[in-house]
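Here's what TrEMBL has on this protein:
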- 54-192: domain 'Nose resistant-to-fluoxetine protein N-terminal' (DOMAIN)
- 742-770: region 'Disordered' (REGION)
- 1-24: signal peptide (SIGNAL)
- 200-222: transmembrane segment (TRANSMEM)
- 323-343: transmembrane segment (TRANSMEM)
- 363-386: transmembrane segment (TRANSMEM)
- 406-423: transmembrane segment (TRANSMEM)
- 468-487: transmembrane segment (TRANSMEM)
- 494-518: transmembrane segment (TRANSMEM)
- 538-561: transmembrane segment (TRANSMEM)
- 573-595: transmembrane segment (TRANSMEM)
- 607-629: transmembrane segment (TRANSMEM)
- 641-669: transmembrane segment (TRANSMEM)
- 681-705: transmembrane segment (TRANSMEM)
Amino acid sequence: MATQGTFFLGAIILALACSLPAVAADIQVKNLMYGSREPPLKNLKSVAMNNTVSPQCRAEVDKLLSGDMKTLVGDAVMALDAFGKPPAGILQLNTAWLGHYDECMAIEGFNYCLTMLSLNLTSIAQNVPSFNQSMFAQIKQMNIQWGVCPPANCSETDVLLVLNELLDGLKLLERFGIPTDALKAAYAICTKNPTIPYDAGVICTVTLFSIIASLMIIGALYDEYLQLKLQRSAYQTLILSLLRPFRLLDETDEADEDADDVPLIRDVGTGASINRESARDPPKKQNLAVRFLLCFALNRNLAKLMDVKQSDKSIGALNGIRVISMTWVILGHTVIFGFTANITHNTPTILSWIQNHFGFQAVANAFFSVDTFFFLSGFLLAYLTLGRFRELRTAKAWALFYFHRYWRLTPLFAITILIWMYLPQFFGEGPIWQSHALRPYCPDYWWSSLLYISNFWPTNFVEQCIGWTWYLANDMQFFLISPLLLAPLFYYPVFGWLALIGTLLASFVSTGLIIGIYDVDLSLINSLSGLTSASYFSLVYGKPYCRIAPYLVGIGLGYIMHRIGNRKVKMNPVLAVIGWLAAAALAMSVVYGLYPSTQSMTMSRPASIVYGSLSRFVWALALAWVVYACKYGYGGWINTFLSWGFWVPLSRVTFSAYMIHPIVIMVFYDNFASPWHFSVYLMAFYFAGLASISYFIAIFLALAVEYPFANLEKLFLPSRVSPKKVEGGPETRGNAVVTMIEPSSPVDNGVRARGPAHENGIAHQRSLPT
């Protein structure tokens, strides 16, 4: 260990020397390494073995330090070999010196630990003037991850104490005129088996999933049994149809236009009946337990999920917009999460791509994919609710309005919290696995997530239990205040538009003031490289008053399209072309607008205020044109592509994909046993695989949680109202499409949609953040 420590500390010296002028560095390094006949670690044993180290660890380390390297063989040599060593590319910020995890874990009596050494570059700059001329001058702190292989008897506290005693006792930095405390061991995390204990949380989570899986399988088997009962002779079927021609209908149901032999549960989140009736067992004679079981039936929910039919009256383009936006979210997270894993060994290459490659701005600014979902949420809310707004007259109707929204989001949200806290830890191993398996904030803040206030509490953005769910908190808060905007629009349109515009202006002003007063840095390069604080995310990125602009644009468009209804819109083709060109220009301006600032890595305060306040609003305006043009026949091939039936099933699992994909990405990166190399071409393969796996898991998650719990709502809250025939009013069925009610047949995907206003008034696409 002594030799290994010498090698490590020597590398630190060389790294520091690289930031000094060449001649001065050469002289100081030679003086340090060769200016004395006594080696730097002569008194290593006495320095390291203080009284606070546990006796067991002290005995093991003493054995290693006292041994002659000529006589050390076997396990001790392998342990030393497994230690992390300074690699090439220190000037490329290759600070992940992970060592060899498998080699260390294979040695009996030794255990792998990952330590974090914190190098205070600000202190160095204050004591070494020439340091300010180096490439590290703008970086305040450098964190070095060092993998060590100490005896298994040494606890994490022991490892940390020994490292700090060594660093303090050797006083290497003092030879450069730098305070000793500029280099400290911040923490040590040692591998545990299992990664987390099999406590009550793990047991309850596994038990819950086992119960849900059992219900899905048993429900599917029972449903197949019901179908077999329908396989009767032609004579029996004819007699039954003559005697009881309406037996397949519940008193509260209507005939479906394309009813199957055994009608399926309607799409998730619809107002349709959750009962799949059989000729022998209509729902009136099925007990509650059977109907509860059928809510989870795998085959029924899968059939609904895979149905790709779309009505001619639907806005099919929304399906493509959802899926493309969700994959954009995954693309952005694939890059960002890889970087924040802190094992990248060519960080300047990533920053160079952001800074010098114009096309890469679409990846760097994937944040706007979130604003797409805010826009869609506001649009669907207004478009679906205003057609039946008069039904929301009682306190009960409004209570159901809010309950439905909470019920649709929270079961999957709660399940995701359980998954995040207790399951991924058992799907990997490696140098950084143990340190990334910790969930330090969830025990304190899980409740704020389920109350949808996590964007305010905790006050620090990075301390949320599930960091990527800040979006849901914002969306729920927008939904809570939505009646204050919808009611004036419905009853007094002029005042409604004034309220909408006033709220929009208030958002612009508040965002601009926050950016201006706190001098918030919007540069992604500075955020990734640690040159800026996290104030942007805590003050602006996660706050509803800064993010509501796309939602308001969506409400405005929803109101306009609600008023137009099914009437044809005639537009001069030249005007349509101008609209598409304007929308493209607006979208390009916000996605690629920051490219000039990446060259200098700085933005002026006025530019930051204007861009930060207006960019999301401008992006929503471009989307508004896409939706409007596609709906009313001016979308051309773009509408054909966005309305492709392939998107329909994927759009129905958008919410599940949003909730699960960060966990998939982090499990992938946390299993890396060596530093991660950034390459655009490798990232393309990573993205394709991670997106595919995320959607694959999302399908199962939707079938296990989303669909069954939506069905349960219909089972226990079966309030039915006869659908009013609202000329030009909107109706919905699920996440997939939006359709218009006609006087004769409210349809969606060719199937009737029914339900009270509190259900149809929800923006059923649940949307997703970065």
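Glycine is no exception: its Cβ is also placed from the backbone N, Cα and C atoms.
Caution: TrEMBL annotation is automatic and unverified by curators.
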**Request:** Tally Cβ pairs under 8 Å between the transmembrane segment (200-222) and each listed stretch (323-343, 363-386, 468-487, 573-595, 681-705), then give the stretch with the top tally.
**Result:** 681-705
**Request:** Mind pulling out the one from 406-423, 494-518, 538-561 with the most Cβ pairs under 8 angstroms to the transmembrane segment (681-705)?
**Result:** 406-423
**Asked** Is the count of Cβ pairs under 8 Å between the transmembrane segment (573-595) and the transmembrane segment (607-629), pairs 6 or more apart in sequence, 3 or more?
**Response** yes
**Item:** Proximity verdict for the transmembrane segment (363-386) and the transmembrane segment (494-518), three or more C-beta pairs under 8 Å
**Value:** no
**Stretch in 323-343, 406-423, 468-487, 607-629, 641-669 most in contact with the transmembrane segment (494-518), if contact is a CB pair under 8 A** = 607-629
**Request:** Sort out the residues at least 6 away from either end of the transmembrane segment (468-487), same chain, that have Cβ-Cβ distances under 8 Å to it, and list them.
**Result:** 333, 370, 373-374, 377-378, 381-382, 385-386, 389, 392, 398, 402, 405-406, 409, 413, 416, 449, 452-456, 461, 496, 499-500, 503, 541-544, 547-548, 551-552, 555, 658-659, 662, 763, 766-770
**Request:** Sort out the residues at least 6 away from either end of the transmembrane segment (641-669), same chain, that have Cβ-Cβ distances under 8 Å to it, and list them.
**Result:** 267-268, 305-310, 316-324, 326, 329-330, 333-334, 337-338, 341, 343, 409, 412-413, 416, 419-420, 424, 427-428, 436, 467-469, 471, 626, 630, 635, 676, 686, 690-691, 693-695, 697-699, 701-702, 705-706, 734-737, 749, 765-769
**Counts of helix, strand and coil residues, the domain 'Nose resistant-to-fluoxetine protein N-terminal' (54-192), according to DSSP** = 62 helix, 28 strand, 49 coil
